[in-house]
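Below is one structure, written out as C-alpha cells; the observations come after it.
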Amino acid sequence: MAVSSFQCPTIFSSSSISGFQCRSDPDLVGSPVGGSSRRRVHASAGISSSFTGDAGLSSRILRFPPNFVRQLSIKARRNCSNIGVAQIVAAKWSNNPSSALPSAAAAAATSSASAVSSAASAAAASSAAAAPVAAAPPVVLKSVDEEVVVAEEGIREKIGSVQLTDSKHSFLSSDGSLTVHAGERLGRGIVTDAITTPVVNTSAYFFKKTAELIDFKEKRSVSFEYGRYGNPTTVVLEDKISALEGAESTLVMASGMCASTVMLLALVPAGGHIVTTTDCYRKTRIFMENFLPKLGITVTVIDPADIAGLEAAVNEFKVSLFFTESPTNPFLRCVDIELVSKICHKRGTLVCIDGTFATPLNQKALALGADLVVHSATKYIGGHNDVLAGCICGSLKLVSEIRNLHHVLGGTLNPNAAYLIIRGMKTLHLRVQQQNSTAFRMAEILEAHPKVSHVYYPGLPSHPEHELAKRQMTGFGGVVSFEIDGDIETTIKFVDSLKIPYIAPSFGGCESIVDQPAIMSYWDLPQEERLKYGIKDNLVRFSFGVEDFEDVKADILQALEAI
C-alpha cells in the first residue's frame with residue numbers, strides 16, 4: 001500500500017516532543033509545564049521556547065533509524081533497554097519546514113513509497129481511526145530504511161506555524177502522579193515502546209551528512225551533538241523535575257555542590273555581592289567565603305529571620321543574589337521565601353533557594369516568588385543513597401545562562417546516574433510521605449524525652465519559624481536535629497547504641513542515617529570555632545528513612561536508655 005494512505009496517530013502530541021527534543025545549545029532548553037496554578041509559575045514564556053530557529057515550523061519530522069520496524073519487533077520486545085543509542089540518537093526533530101524539502105528527497109520519497117508494507121500501513125491507519133487527528137500524509141526520504149514522518153498536530157494553541165497543546169500534564173492532578181509519569185508517559189513509545197526510560201550511553205552523536213551539521217549549526221534543526229551538552233536520558237530527568245517544581249527549565253549536574261557553584265559563578269559578576277544566611281551547608285559557606293572573594297565577590301551573612309538585615313544589605317550594596325537554604329542545614333530554619341523575594345526583586349536582586357531538605361513535594365519555592373531552586377538530587381530526589389547529582393530549576397533565561405557556563409566547566413551527569421534518579425523519583429511521593437510522618441512523630445517524642453534538651457524541627461510549635469513553615473510547606477521533611485542532654489561522649493554513646501541508622505554524612509534516602517555534625521562536618525575546627533556556627537558537641541542530625549515507624553521509635557528509645 002502506498003505511503004500516502006498512512007495516517008499519523010496521536011502519539012505525535014506536543015507533550016511527546018519534549019521528552020526527546022534534542023537540546024545542545026543553551027537557547028534550546030525548557031518547555032512549558034502544565035498542572036495546577038502552583039506549578040505553572042513560568043509557563044507563559046516557556047511555550048515558545050521549546051522551538052527556535054529562523055524558519056517558521058509547519059511540521060515536525062521524526063527520523064527513524066535503518067530497519068526500524070524490524071529492529072523494534074526483534075529487539076524491543078526482548079530487551080528494550082539495549083535498543084537505546086541506535087534508535088534514540090537517530091530520532092531527530094527537524095525544524096525545517098516541509099516546503100523546504102529538496103526535490104531530490106521528494107523524488108526519493110516517491111520511488112520508495114511502494115516499499116512500505118501493507119501491514120504497517122493498516123496498523124497505522126487503525127491507530128489513526130481510534131484517535132483521529134488532523135494529519136498530513138507522511139513523506140519518505142532517502143530510502144525505505146529511513147522513514148521521515150511529517151504530521152500536523154491537534155490544534156489547541158498556535159504559535160506562529162507551530163501547533164501546541166496548552167497543557168503538558170493536564171491529565172495529572174497531583175505531584176505523586178507527576179513523579180511517576182512526568183517526562184516519560186508521553187512520547188517515548190514512538191522510539192522504543194519501553195515503559196522505562198532507556199539509558200543512552202554515548203559520548204557523541206553523529207550527523208549523516210555535512211548538510212545536516214550545517215543545518216544544526218545555523219539552527220535550522222536541533223540535535224544532540226556532544227555528551228557534555230545533552231543526553232536523551234538526562235533530558236527526561238530534567239523534564240520530570242521541571243514538572244514537579246513548576247519550572248520552565250531544569251539543568252542537572254554531577255552533584256549538588258556542582259549545581260550551587262556553577263549557579264553562583266554564572267549569575268554573580270566579578271565584584272558582585274551576595275547575601276546568605278548563618279545556617280547553611282558548610283561546603284557552600286566555604287565556597288562563598290574562601291573562593292568567591294578571589295573574584296572580588298563579597299558576602300553579607302544574616303540570620304534566616306533577619307528581614308531588616310536583608311533590607312539593609314540590598315539598600316547598601318548592589319546585591320546580585322540572595323542565596324539560602326529553606327529549611328537550612330542542620331537547624332532546619334525557614335526563610336520567608338515570598339517576603340524575601342519581594343524585597344529582593346524591588347532592588348533587582350535574584351533569589352535562589354536550596355530546597356534539598358524540603359523536596360519539591362513539601363515546598364514550591366518558585367511559586368512563592370524565588371527565581372531559582374537548587375537541589376542536591378543525591379538526597380530525597382534520588383532517594384536511594386546510590387547516586388550523586390544536583391539540579392537547578394527556574395526560568396528558561398536564567399537556567400540557560402547557567403547552562404552556558406556548565407557546558408564549559410563540565411560536571412556532566414552520567415546517563416546511568418540519570419536513570420537511577422528517574423527510577424528513584426517514581427516513589428518520591430511515597431517515600432516523602434513516610435519520612436514526613438516518621439520525622440514529625442519522632443520529633444514530638446524526642447521533645448518530651450528527659451534525655452533530650454532541645455529539638456529542631458519546623459513541624460513543632462517550639463520552632464521559631466513554625467507558623468511560616470505551616471504557610472509555605474505542605475510537609476515538614478524527614479530530618480530532625482536534636483541535642484542530647486550530655487556532653488560529646490554521652491552523645492557518641494547514644495549514636496553508637498543505635499542499631500537501625502547508618503552513621504554517614506548524607507540524608508534523604510530509604511535508609512535512616514544519623515550523624516553528629518561536630519564530628520562529621522566540623523571536626524577540623526576547634527570547639528570555640530564550631531560554636532560560632534551553633535554546632536554543639538551534643539547535636540545530632542537524624543535523617544529518617546522509610547523503615548517502619550515502630551521499629552525506628554523502639555531503636556531510638558533504647559539508645560536513649562543506654563546513656
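The backbone N, Cα and C atoms fix where each Cβ goes, glycine too.
In Swiss-Prot this protein carries:
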BINDING   TYR226, ARG228, GLY256, MET257, TYR281, SER376, THR378  pyridoxal 5'-phosphate binding site
MOD_RES   LYS379  N6-(pyridoxal phosphate)lysine
TRANSIT   1-68  transit peptide
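In this structure, MET257 (pyridoxal 5'-phosphate binding site) is part of a helix by DSSP. Neighbour density at the Cβ, taken as the number of other Cβ atoms within 10 Å, is lowest among the binding-site residues ARG228, MET257 for ARG228. In this structure the C-alpha atoms belonging to TYR226 (pyridoxal 5'-phosphate binding site) and the residue listed as 'N6-(pyridoxal phosphate)lysine' are separated by 28 Å. For the recorded site, TYR226 (pyridoxal 5'-phosphate binding site), the DSSP three-state label reads strand. For GLY256 (pyridoxal 5'-phosphate binding site), the same-chain residues lying six or more positions away in sequence with a CB closer than 8 A to its CB are THR356, VAL374, HIS375, SER376, ALA377, THR378, LYS379, ALA389, GLY390. Within 10 Å of the C-beta atom of LYS379 (N6-(pyridoxal phosphate)lysine) sit 22 other C-beta atoms, taking all shown protein chains into account.
Taking a C-beta cut-off of under 8 Å and a sequence gap of six or more, TYR281 (pyridoxal 5'-phosphate binding site) has these contacts in its own chain: GLU325, ASN329, ASP354. Packing around THR378 (pyridoxal 5'-phosphate binding site) is summarised by its Cβ count: 25 other Cβ atoms lie within 10 angstroms of its Cβ, all protein chains included.
Look at SER376 (pyridoxal 5'-phosphate binding site): DSSP puts it in a strand.
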